[in-house]
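Undergrad: So TrEMBL has the following annotated:
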- 62, 113, 114, 130: S-adenosyl-L-methionine binding site (BINDING)
């Protein structure tokens, strides 16, 4: 993973802005921990994702303080990133970071993904989320946003196969997704195992998805009969 000096400086500046922002945006309160658990966690797997490298328009849903979308925007200026964050204070923080870092390839949308999806349906090459929801719920939010043959990725921890895999498999069938790749990696010197799960969209998504606000979490698709 090679980054230019300018990119590294922007990442370091971003981490400082994130950690020191007056509104709580991350559980990590020192720069080193934030860099390891947020920046490196966003970057290590993506350099092994060939589908991402060929994608031009990328959306990050529930981006929080800009993870991973703002990190990617810093590192991949040739791509364009849309960051969706429904919490207004967090969205305002991201906008201030973008201005401070002078980034021209990223937009922030302070709205719910259910509303965003009405305007940007099947628009993106690649959709992701890092800490949005359980896998099947996240897939309901993300899949309608990508084109046919587009990719959807989920950042997950070590228990995903025990806790979520059954629900994810059901969602793959409903949303006509195929399993493209599973990237296993580690952060914090091997102390934390992580996964990036990547899926390909095979068919057009039914217009009923995503369902109305609150329904995907109240009645998860992975628990449907």
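Residue positions begin at 1 at the first shown residue.
Here the Cβ of each residue, glycine as well, is placed from N, Cα and C on the backbone.
TrEMBL: automatically predicted annotations, no manual curation.
Context for these features, please: burial, neighbours, distances.
TA: Its Cβ taken as reference, residue 62 (S-adenosyl-L-methionine binding site) is surrounded by 23 other Cβ atoms within 10 Å in the chains shown.
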Undergrad: How big is the S-adenosyl-L-methionine site in terms of the longest C-alpha to C-alpha distance among 62, 113, 114, 130, in angstrom?
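TA: Max span of the S-adenosyl-L-methionine binding residues, Cα based, is 18 Å.
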Undergrad: Does anything in the same chain, at least 6 positions from residue 114 (S-adenosyl-L-methionine binding site), have a Cβ under 8 Å from its Cβ, and if so what?
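TA: Listed in sequence order: 141, 210, 211, 212, 213.
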